[in-house]
Structure formats: structure tokens, C-alpha cells
Amino acid sequence: MLKIWSMKKNEDAAAKKKPKTSAAQIRVQKDLTELDLPSTMQTHFPDPADLLNFTLKITPDEGMYKGGVFTFSFNINPNYPHEPPKVKCVPKIYHPNVDLEGNVCLNILREDWKPVLNLNSVMVGLQYLFLEPNADDPLNKEAAEELKKNRDQFLYHVKSSMRGGYIKGEQYDSVAQ
Amino acid sequence: MNGNSTSSDWDGRYFHVDQILDKAGPRTDESFVPGDQVKDFLRNNCKILVIGAGGLGCEILANLALSGFKDIHVIDMDTIDISNLNRQFLFRQKDVGKPKALVAAEFIMNRVPGVKVTPYYGKIQDKDEDYYMQFNLVVCGLDSVEARRWINATLVNMVDPENPESLKPLIDGGTEGFKGQARVILPTVSSCYECSLDMLNKPTAFPICTIANTPRLPEHCIEWASVLEWPRVYGDKKLDTDDPEHIGWLYDVASKRAKEFKIEGVTWSLTQGVVKNIIPAIASTNAIIAASCCNEAFKIATSSAAYLNNYFMLIGTEGVYSYTFEHERRKECPVCGGESLDISIRKDWTVERLIEMLVEKQDIQIKKPSLSTPTKQIYFQAPPQLEQATRPNLEKKVSELVEEGGEITVTASTLPFNLSLRITYT
Ligand SMILES: [Zn+2]
């Protein structure tokens, strides 16, 4: 058998047994404790001992969604950061990039996810959806069409949906602050 | 010539292998002593573990058995599916439904006299360090990133500076269609699997809005069924990609969608392939990568030739291209990188005092550290809720939270890597 031990360099001889803390766990600790969120975003941990399941509350202070509180659920699996966190919008909202089931169309949550990205990037990306809803990547097609064709009508519908109103027979959740 | 023949060996059985073991070559490691001793080690002492008995695993098991390894263990959690039979050549139609590890072990033992293959039908996570400690070498032929990360971290964690035997070389093979790689990981000595995680091709994911609105490919329809329709219809019920009824449901839903958008090509097997993220396995890629892995296992077990340093890449998509390079260790690797420190503190020190000491330490330049043990948070600087929840710990004695010899993981924005502390008390 090859004598590998002798190849351990001196610096390594000092290397100590590593803890059993998993790579995903360390990464989540690093991501969370270094979050740099504006006052418009707040995390909440239903069980503070469980770092892998939590929610993010976004309260936009400008743009068409100002005045609402939008909660997203985060679920991080043990394969993080190889896989992105699973994020869903909890209330039913009228938004071109969010469907009625709470799926969110944000590129870095799927096709453009990379392990160098972190939870902060995802959260900032989510907040951006409220400042600049994107009609070109629709998940709620009607909302997207409306945003493209009639911005005033769209804004009116956003406001009424945020109060729990109906749009085309669909009732939205009240998210007023 | 076969100094260590057993009853099942016959004249000339190892004639070709012995050409390598009976004399030193120009590239032989200087510690190599040709002759009986090395043959005895390979054939009577060396215990090797093969993880995975699928496409790569079948090839690896056959190669190892034929090159003279005689004490082989194999772990696999899967059972044989009919679709495996075209390339997983240790299995036959009658074996469908049986555990791969058991059937593979049986086949090898029947076919190659004198080889003992010990199967384990289950997950690698079922086994602990004591189990992995018994092997000289580990060869991995897995298709799961998660399982690889687990075994890599386990073998790195097992390295005990006081025990040379605790360092187990890991030879990792992987294939994806016409591409593949083989690598030698010497835990804590060379770059580990986690170090190279960002080199991986991530599974193809289609933008969710494309799936929802403008499907063009059969894959889009299948993802629509699995990503959007399944949770809409079944809520929290988990999709089991091994359950034929679930796949059947997805197939029906995807077919209807495909029809609506006039897309062709949604089939049962494509549905299964997309949701299980299966890239069609190519038997010849498996054979090449398995050969490379076993070559390395043989060289490391016998030190008869220079081993791979440390990453071999095969790209067979356009012609045949291969490339070997040394993947470097990442200083900030959460598994093998980072720094570790032995710290001896007084038993009555509070967490706050420990943090002060870390901040004052000139050599690590740390600001606002967050601390945890493998099982609980000690003190988190952020987010606010967790800072508040862990703040009472600042007053507590470290010794109430961490046992003698216990470990603390420290992260901080000023540290590009993590720091692990081993605490002893004076
Ligand atoms: Zn590493």
C-alpha cells in the first residue's frame, strides 16, 4: 500500500479532526449570519433551532406593491448550495412573475442558480420582483398581459388584489400592512 | 512464481499482473518492493470497498476481481430494473427486482474463483466510521452528488492525525452520457470532492415561465406536470419518482399538455428520465472510467506505479478527448479547508469571553464571529431573531454547551473560510 501518510505536509500534521458539522450546515450558517438586509426585509424562523426552514417578509417601500407585506417560505435541502433553496410565495398575489400556487419565476432560483450565489442574492432578487415586475417572464399570464398593455389598469388591480379583492373571478389574499 | 497462491489459484493465473509486481519500473514509487510481499498484500490483506453496483459499479467489481483484489465489499441501495440490463452486465432478466449489491456479489464470486465479495444492500449513511475504517481503499461509482458529498465528508472527517491508518484514499468515478471523470482523493492531502463542487454541471433546469407559458419541448411538458401540476393537485404529498403510479400520472398530464401545444415526443421513459434527471448512460463511458478507477486502485494498493494526480476528465461528445490536471484544494472548502485550532480555556469562561478572545487573536483577524456546535447554535450575529434567541448563551459557560474535546464551527464575514475550534478545558 502506498505510503500516503508521509505526503501529509507539516502544516497538515497539525490539522485536527474536523467537526461533524455538514458542509450545507456551515454554508447556511455563513449565509444567514452574514445576511445584509434592508429594513424592508425580515426573516422569521418558526423553530429557531431549524435553520433550513424559515420565512422572509418583504414590505416594499416603493413601487406598485408598496403597502403590502409579502411572505415567502424558504426550504433548504441538505444538498445546498449544489441545489438552490426552494422558495414559495405564501399568500395568493396578483403578480406577473408569481402564479396562484406561489411558484416564483426568478432565474437564480432555477436555471441560473450557482453555488457561489447565496441566500442574500435570492432575497434581493425577490425584493426586486416587487420593484420591477417583469412582463416578459410571465407566470400569471393575465397579469403580465395587463402590465404590458394597460399599466394603469394593472396598478388598479394590484391595489385591489392586495386588499383581498377579486380579479376575473379569482380572489386574492389580503396583504395590506 | 505465485508465492501466495491459494487453492483456487492456478498456474499462470496472475501471469500478466505479475509482470508489474515482480519488478520495479521507471515510474515506480521508491517505496515499492517487488515480489511476494506486495502480492500477498494485494491478494490476502487488502480490503477494498466499492460504493455503487450500477453501471460503473459492475465494471469496477469485475475489474478489481480480475486484477487480484480478493476481499471486496460492495454497497448499493437499489434493486435491479429491467432498463439496467443493457449495460449492468452482472445482472440477468431473472434478477429484476433483486438488490444489485447481492446479485453482483454472487455473480463475481461464481465467476472469479477465490474472490470474496461481501454485499450490503442499503444506504452508505447506514454505516458509521468504524465500518469505513476497516478498508484500505474506497472506490466510488455513484450517480448521486449527495451520496458523494456524504462519503467524501465522512472520509475527510475520519482522518486522525495520530493514526496513519485513518487516511483512506477515495477513488471517485462518475459518468454522464459521453462524459466522465475519474479522480484520486487523498483526504486532507489533496483536493476533495467538495472542493470541486462548483465544477459540476448542474442538472438542466428550464425557466419556470417557459414551462408555464411557452412549452416547446416534450421536457417542458413533463416539467410542467412535475413542478407545477403535481403540487397544485396533490399539495404537500411528495412525488415519488420510483413509484410507477406517480410516473404514470405525470405521463398522462404531460401527454395532454403536449397535445394541446402540438409537441411530440412525450413518452413514459422520457417522463421517468426527466423527473429522475437521468442522462442516458453509455456503457463504453462507464467502461473507460471504471478502468481508470481500478487502475488507480491497483497502483495505490501496490505502489507499483505513479498514481493519478488527481483529476482525469473524459469528453467523448465530439471525438475522444481526455485531460488530466491537478485540481487544487480550496482553502475555503467547508469539508477539507478552513482552519482548525486547538483552544484551551478555563472551565468558567463564558461564551462572551471566548468571543472576545477570538476577536483579539492577531493571527486570525476575525470580526463578529458566529458560533455553533454540530448540533446547536451557540451565538449568531444575525439575523436579528436568531441573535436574540442565542444572546442568552453569551452569559453561559462554554463548558455547559461544549464537552471536553468538542468542536465549535466559527464563521464570520471577514473569514473567507470556516474555522473549527477544538475546545479543551484547563
Ligand atoms: Zn475540500
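Yeah, the Cβs are placed from backbone N, Cα and C, and that goes for glycine too.
It should be emphasised that the depicted structure is a prediction, and the values quoted were computed from it without experimental measurement.
Under the heading active site, glycyl thioester intermediate, TrEMBL lists B:CYS209. If you look up TrEMBL, you'll see B:343-426 marked as domain 'E2 binding'.
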- prompt: Tell me, how many other CB atoms lie within 10 A of the CB of the residue listed as 'active site, glycyl thioester intermediate', whichever protein chain they belong to?
  reply: 24
- request: Just give the helix, strand and coil counts over the domain 'E2 binding' (B:343-426), going by DSSP.
  value: 26 helix, 23 strand, 35 coil
Field: Structural state of B:CYS209 (active site, glycyl thioester intermediate), classified by DSSP into three states
entry: helix
